[in-house]
Amino acid sequence: MNLLFRLAVFLSLWCCSDAQGQTKEESTEEVKIEVLHRPENCSKTSRKGDLLNAHYDGYLAKDGSKFYCSRTQDEGHPKWFVLGVGHVIKGLDIAMMDMCPGEKRKVIIPPSFAYGKEGYAEGKIPPNATLMFEIELYAVTKGPRSIETFKQIDTDNDRQLSKAEIELYLQKDFEKDANPRDKSYQKAVLEDIFKKNDHNGDGFISPKEYNVHQHDEL
């Protein structure tokens, strides 16, 4: 799993914002958490700023209809995101605090910590909808996005990351990973990194681009 977390250095750089529709008056509502399974051995639990790797399914609490399944996207790979900074809706940020790798939870999220009065996804999530998520957390690691990581990748110290430098960094992580991927997968990851972060298209990722945030709702 280590590789997946390292990749999020690049793939998780989008903007941080609270869920739509949240107000101070509504903030008294609570996210309800039911622990379905928690491993006996848990040496590390999730906290704000950690990089998580997880699958989750989303349902409308009203009728149980499913509106989201992470297993049906990205060839079934678990999602990568930094906890507590708005990469996911606020209710999930709250619900996934203090989780162990291998833990499963069922959570109920009120509208104020989800999509509020606006709803989302062309009617799939109606206004003022309470949501239910089933979450499975695979692993937790310290969030890697930092100037130190940038410098580690920037081997020639020219203050920009080339494809060759990032490819080398990824290759080292592939060698450490318990489930190594083939070259085609590594190439696809590299292309995705530049697609999402090389905003001026010059073939390099600058310090500014490295820290540019984009938005991803779920």
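Cβ from N, Cα, C; glycine included.
These figures come from a predicted structure and were not determined experimentally.
Summarised by DSSP class, the composition of the domain 'PPIase FKBP-type' (49-141) is 15 helix, 38 strand, 40 coil. Taken from Swiss-Prot, the feature domain 'PPIase FKBP-type' covers 49-141, and the record attributes it to sequence analysis.
Residues annotated as domain 'EF-hand 1' in Swiss-Prot, with sequence analysis given as evidence: 141-176.
Sequence annotations record features per position, and here Swiss-Prot assigns domain 'EF-hand 2' to 185-218 based on sequence analysis.
Using a 10 Å Cβ-Cβ cutoff, Asn41 (N-linked glycosylation site) registers 7 neighbours. According to DSSP, Asn41 (N-linked glycosylation site) sits in a coil region rather than a helix or strand. Annotation source Swiss-Prot lists N-linked glycosylation site at Asn41 (among others).
Sequence annotations record features per position, and here Swiss-Prot assigns N-linked glycosylation site to Asn128 (among others) based on sequence analysis. Around the Cβ of Asn128 (N-linked glycosylation site), the number of neighbouring Cβ atoms within 10 Å comes to 15.
Summarising the annotation, Swiss-Prot assigns signal peptide to 1-19 and lists sequence analysis as the type of evidence.
Rounded to the nearest whole angstrom, the C-alpha distance between Asn128 (N-linked glycosylation site) and Asn41 (N-linked glycosylation site) is 39. Confidence for the domain 'PPIase FKBP-type' (49-141), expressed as mean pLDDT, is 92.
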